[in-house]
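Here is what TrEMBL says about this protein:
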- 52-75: transmembrane segment (TRANSMEM)
- 133-153: transmembrane segment (TRANSMEM)
- 174-197: transmembrane segment (TRANSMEM)
- 203-227: transmembrane segment (TRANSMEM)
- 234-257: transmembrane segment (TRANSMEM)
- 294-311: transmembrane segment (TRANSMEM)
- 331-350: transmembrane segment (TRANSMEM)
- 355-374: transmembrane segment (TRANSMEM)
- 394-413: transmembrane segment (TRANSMEM)
- 420-437: transmembrane segment (TRANSMEM)
Amino acid sequence: MKVVVCYAAFGRHCLRFALLPSMAGAASLRASRSRRHGKETIRSDIFKNRTITFAVALIFADAILVALIIAYVPYTKIDWDAYMSQVSGFLGGERDYGNLKGDTGPLVYPAGFLYVYSAVQNLTGGQVYSAQILFGVLYIVNLAIVLFIYVKTDVVPWWALSLLCLSKRIHSIFVLRLFNDCFAMTLLHASVALFLYRKWHLGMVFFSGAVSIKMNVLLYAPPLLLLLLKAMHIVGVVSALAGAALVQILVGLPFLITYPVSYIANAFDLGRVFIHFWSVNFKFVPERIFVSKEFAVCLLIVHLCLLAVFANYKWCKYEGGIIGFMRSRRFFLTLPLSLSFSDASTSLILTKEHIVTAMFVGNFIGIVCARSLHYQFYSWYFYSLPYLLWRTLFPTWLRLILFVGIELCWNLYPSTPASSGMLLCLHLIILMGLWFAPSDNPYQLKEDNNSQRHKKHM
């Protein structure tokens, strides 16, 4: 009897062993079908998602428009020759920032600008037409990144994404003026896209790279610091800031080891006084007041107060204000149990809407309080305008009027006291709308890994 049982068991094992290849093949077939089904589902979702489909169509349509602009609209020479002169001096071995000059004056941008435009000069041979094509590609890349941010946050309705392609001034800034603002803002938008996926350290590298091209990106720094403090423990925040600082050191190293004072004084001059004639926003202010230190200090105080008020009552509302938030985290009293540098080390993660809202509103506050906005500075906040307008409670018709009004103010050349006064009023209306808009919960719970695994097994 025992022999029969043993042979029966042996037979079952042999049968199972013989069927293993077919079972494995069946499992592989099921997995393959599952993967194909998953890919087909993703493709189907993409085509069914009206917002994504419309965004892709906008990219192709705008690419055609950019090509037509380059082909038929005359180029306007403003800073290109100055850029090429400054780059030529750098490539020729000059390391004293005070000696890097062009026909518009000395170089006033950090060293990242030199590296970028050195690459542009090498790629284009210094030829304007070739550079326009390169900037046309940059325009489309930047637009694609911005549309990605809009699609991921899902704040703006699909049809309103077309507003991002309707600015005459923005097209001019990119492909008819070739300003360095274009590279700075593209890197800035790339950093925001990385922040949406909690890639805080890599995002800070891109952010610092944008600052190294033009310092206006620092307008995003106050809300970004608050987001870092919300998203990570203090160790992660310090390491992310250290990475950003390291980028600045490496970028400026050739100048810091030769003429450090000249580099810092020229590349990071925060006290520059802009020419009153080119101001788009405060043209209605008399020139003697416009250039005064008192006016600059007043605007700085208003800027800091607005940031503090928005941070306390809007961005940290759910944490009980800034003080309540700091107390809850105890940043400077205790260290986390696990000194992890992971970007996603906390149990709570920020919503994508909260990240983008804080960044865009913080920058917009800086725009409202800027003493002088030149025409190329429109690129600093244009791409955030539809998002900001749809974060307010305004009716759609008023949002569109505000958008068109701002666009008209930026396309009037030269600006007048009336147009600059109108621009300030439109900015203040949007700012008030953002203030009275409801504050959403900034956090979403991250599912525990064990519960996720349990759901998979179920």
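Counting starts with 1 at the first residue shown.
Here the Cβ of each residue, glycine as well, is placed from N, Cα and C on the backbone.
Please treat TrEMBL annotations as automatic predictions, because they have not gone through curation.
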Paired segments the transmembrane segment (355-374) and the transmembrane segment (420-437) in contact, 3+ CB pairs under 8 A: yes
May I ask for the residues of the chain that lie six or more residues beyond the transmembrane segment (203-227) and have a Cβ under 8 Å from a Cβ within it? 109-113, 116, 180-181, 183-185, 187-188, 190-192, 194-195, 240-241, 243-245, 247-248, 251-252, 268, 270, 307, 311, 315-316, 350, 354-355, 358-359, 361-363, 366-367, 377, 380
For the transmembrane segment (420-437), the distant same-chain contacts (Cβ-Cβ under 8 Å, at least six residues beyond its ends) come to 279-284, 306, 310, 314, 361, 364-365, 367-368, 388-389, 391-394, 402, 405-406, 409-410
